[in-house]
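One structure below.
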Amino acid sequence: MKAQSQHEMKKSLTWWDLMWFGIGVVIGAGIFVLIGLETKKHVGPAVVLSYVVSGVSAMLSVFCYTEFAVEIPAAGGLFAYLRVELGDFVAFIVESNILLECVIGGAAVARSWTSYFATLCNHHPNDFRIHVSSFPDDYNQLDPIAIVVIIVICTLAVASTKGSSRFNYIASTFHVAIIIFIVVAGLTKANPKNFTPFAPYGPRGIFVASTILFFIPIGLVGSMTITTLAYCILAVTLCLMQPYQQIDEDSPFLVAFEAGGWGWAKYIVAVGAIKGMTTVLMVSAVGQARYLTHIARTHMISPWFAKMHERTGTLVNATATMLTITAIIAFFTSSEILSNLLSISSLFIFMLVAIGLIIRHYYISGETTPSNRNKLIICLVLILGSSMATAIYWGSSDGWINLVVSNAIWFLSTLALWLGVPLAKKPRVWGESLVPWLPSLSIAINLFLLGFIDKASFERDISEVRYSPNEDLRF
């Protein structure tokens, strides 16, 4: 399979490079891209709780993911892990969602790059976009700057992986300094009255925002904790600087500093935001090319995507293909549409990781008895069904009794799995000791959050086209 690439991948990244790649992608996007939109429209100052919910969901997935990473040290990430546990079909679905997440996330960041650049130039974000009135509302602000940014990122990514890494950790160091500046300077403009009302949209608003604020990626436990804490501190800072109704949806921190009489500070923030989003695009370009390459090496798609450039040692075909798709989507699609689609992919992937971990511990083909296999299937079906029921009952406000029943079924199903099905496999090196409780809770939380995403986003995610004379065309 590797021979199809014609040239072997070079191990050009050290632990130091990987650490800074993680910092670059973690603290580069969510802080500047969606916090203003969600705070103003869905949650208010309680956005800090939304970040906590998102962080808890991601943290549970971290524990599940870590066992796979330690026990199956293979290239290809979740595609390789779930291919071992759940087979080619499920692995391909997971990998498709991962690639979708990369493309949509990159497109959202590229459009936000334009917004911050326009603000830096003292223009409205849409001043640098081309409005086409004949297109549907969510697709009529064409963004040529986003395409230019992606082309530059593509050029850097295919030139040298090691060079991309050096650019990343130098830029990330600068970015951390900008974040410290935002917190310290922003809190000097803090007004506790801006935290009232704290949750103007109620508990539902907190969970709705949690589903969107998933620019926090999977990482190690320590970095996940630090990341969630950083997001929460910045969210508190923003909400103390301005009443939530006045927070700008496109460039929240820039406008907040300008409103506070520190117009000069917005340029520092804008430069930091642009740098952060550039780093995210760079890291995504490197990562998504490797995902696509791993699929190509299994021949699920053409091996052409796995070919490596002889001189640079980079995945030119895979990188160029993924970033071309990213550029096309970024050119047309609004950030709000992209954020909902991104959340569906992230939560779905998190859920499958948890399911894969349960199966890894309780099932071995050819060794697990039919009786124990059937018990495992029944328990998994009940866990999934009760988790979906909880989301449905909460969304429909159909009474607390139904919620109590659905949660009781989830608890009893997990308990039955724990007590009634013997473990089939023990980890060789490191394993999650709280199986099945931890992955079962991860399944429940991820399905619960999926229930807060609007119907139209799911329709777009499965590529349906819906049209009526009274509505815009929706993809």
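Glycine residues also receive a Cβ, built from the backbone N, Cα and C atoms like all the rest.
These features come from TrEMBL:
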TRANSMEM  12-36  transmembrane segment
TRANSMEM  48-68  transmembrane segment
TRANSMEM  142-160  transmembrane segment
TRANSMEM  167-185  transmembrane segment
TRANSMEM  205-222  transmembrane segment
TRANSMEM  229-247  transmembrane segment
TRANSMEM  267-293  transmembrane segment
TRANSMEM  314-332  transmembrane segment
TRANSMEM  344-364  transmembrane segment
TRANSMEM  376-394  transmembrane segment
TRANSMEM  400-421  transmembrane segment
TRANSMEM  433-453  transmembrane segment
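Most Cβ pairs under 8 A with the transmembrane segment (267-293) among the ranges 48-68, 229-247, 314-332, 376-394, 400-421 are made by 314-332.
Proximity of distant same-chain residues to the transmembrane segment (433-453), defined by a Cβ-Cβ separation under 8 Å and at least 6 residues beyond the stretch ends, is recorded for 53, 56-57, 60-61, 63-64, 204, 207-208, 210-211, 340, 343-344, 347-348, 350-351, 353-355, 357-358, 361-362, 379, 383-384, 386-388, 390-392, 394-395, 410, 413-414, 417-418. Counted over residue pairs separated by six or more positions, the transmembrane segment (344-364) shares fewer than 3 Cβ pairs under 8 angstroms with the transmembrane segment (142-160), which leaves the two as not touching. The stretch from 142-160, 229-247, 314-332, 376-394 that makes the most Cβ contacts under 8 Å with the transmembrane segment (48-68) is 229-247. It is 400-421 that, among the stretches 142-160, 314-332, 400-421, forms the most Cβ pairs under 8 Å with the transmembrane segment (376-394).
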